[in-house]
């Protein structure tokens, strides 16, 4: 007899790559594109949102088939028919992959059912400047109750994959099993539950890869649902943990480095203390739109609190810290805010550089090159060269298009002494100046650049070109600049220097068959040593400083034009940096409550911290020209369910509350009167001296009829205005 086939084949478990791909596209489509005010972190390093996922289409399906008329099968079919999810579903090869994707889809769409006891929220507790997902209860949950729809699936992660996730900082959903001690990555709505050292819920494994969450104690309305990841998830013994429990106990990541624990002021001290005294500089807000309706600003915070950005103002406001849900938040903001920047007032002593005050071509703020030669700056700017440059300076000044008027030419004694070689080239530490060389090498220099040589005959370089090149070097890219020996001043004479010898005893200068290069040096008067010494000190600082090109005046015995040797670095010399261990990044000291009502999130103009009028939660509103009435969580809930948070469905047949499913019909901002009150102003009706209940009726246009005057009717002798009807003289004449 043939062997009977096995009853069932073991299903192949999901891999990490498959589960990460499913979760990324589903969180993008069903969370980020459903009125969510931030974005869920993705598992893959590069994730590009699908263009076929449109917010209006997704939210309409969820509202119609999951909230108003719940039906998971129809909602799943409608969502898979959208462009983005349909393309991804069709790209899956096997039926097993498609079924796994649909099962993961059903986990996410179930969180929008009216009987779901939680809602996806966001928090910036762990990173102040960015938000992460969290889970908030929207109805009371009893102890040992399975939190409905807060489930997921898990996959075992290898140590190599765990290291890659930690390197990319994507290890936010890793848990360690208490039995097998294996690391697993869990996905689905359960991944949004954050860690807490004294969590109110626990993770329970169901089946081979399922995860459910049970309540460990009673969870109240609006409380965050948390679980415990592991004993050493945030460092050894969770020494870097930033959960709510550690914040309340000022432990682990919230523990101060010096060991001092801040003391919170009592309610009686803050209410009855001297902070309630009269102040001329503080406007008393007698009206408050807070939920509790209390007139004491220290007990119930204002809807739009004033956040001080300077350390001085924050120190003055520290004694008036609030003792409600935002306890000590004003005190917290002081520790994390950067000090005020000191502006440099020296930059304002002179007007800024404008096109009309552009620097002249012959004015250069140049550091002299330490050539090792005695070169005088004063001697190089005298004689016919001075007059030639001065003439060219006047021409260049007159041709500037942005110059409003001509400047009067200065006498020669008042003009600045120009340099003959204004070509700029980088100078590095250890580079040998060309002026110190006495010959030409075929090999490259220390900087790796060969020496460039000009022709030695007068016919190769006309005199006209020499004059233009010497006077207007900024108009030509060439760095060579030369002059004849006849143009030298009388007190400067060409001096020949014998070629130096290398260590092998060979001459540096070489005789070529076509060209002969002899480098000359100039004598320097006694007035220049201080300038040369200062330049040498600047060159030894190791910083890369733009200096003049290493070109020198040369001459030959027969008064021919001497070539100029210019060393241009083509390759930058790599600096030798000592390999020192990189210093460890200094961990910023966290202070309890520093993530809310902090000035760090108010960098943009017209950005303000607002207290929600529904749940009293503080949130940041950008472009707060008009104050929003609700936080992002309450506003998202109202758009989806049509009710104020946390209501999701009608209470019964006798529920008469109107359900507004079109969110465009709801005004999301405060009333103008409330807006004026929270900003410390009087409502406009009071400013005009009128109340909203007793407004004067608007006067009718035209002449008013006196009392007792009969109103005219058709056919009588009275007009409609009440005046007597008289016949015209023209009609009577006829």
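From the backbone N, Cα and C atoms, a Cβ is placed for every residue, glycine too.
Here the structure is a predicted model, which means the values were calculated and not measured.
Residues 523-543 are the range that Swiss-Prot records as region 'Disordered', among 523-543, 544-564, 607-627.
Range 567-591 is the one annotated as region 'Disordered', of 567-591, 642-666 (source: Swiss-Prot). On the 0 to 100 pLDDT scale, the domain 'SET' (116-230) averages 89 in this prediction.
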